[in-house]
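Asker: A single structure is presented below for examination.
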Amino acid sequence: TKCYVTPDATSQTCPDGQDICYTKTWCDGFCSSRGKRIDLGCAATCPKVKPGVDIKCCSTDNCNPFPTWKRKH
């Protein structure tokens, strides 16, 4: 499987056994000005996340592109 991986958000071939791509988003102290933090990568199973963290998992090549946010002005 190929997934987008941060920090560069480039498409990379996942290690053997890691067939899930994920997009994890959450707010930090700069959320109001910069938007959510985003973490992209490969995993063997969809990662468990803490409350307040959104996770989306998928299993096709490059199915986790860097999200495009509508910027607040």
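Glycine is treated like the rest: Cβ placed from N, Cα and C.
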Asker: Do you know which of C21, C27 Swiss-Prot records in a disulfide with C3?
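Answerer: So the cysteine that Swiss-Prot bonds to C3 would be C21.
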Asker: If you check Swiss-Prot, which of C27, C42 bonds to C31 via a disulphide?
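Answerer: Between C31 and the options C27, C42, Swiss-Prot records the bond with C27.
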Asker: If you count the other Cβ atoms within 10 Å of each Cβ, which of the disulfide-bonded residues C27, C42, C57, C58, C63 comes out on top?
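Answerer: Neighbour-count leader: C42.
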Asker: May I ask for the distance between C46 (disulfide bond) and C31 (disulfide bond), taken between their Cα atoms and rounded to an integer number of Å?
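Answerer: Distance between the two Cα atoms comes out at 24 Å.
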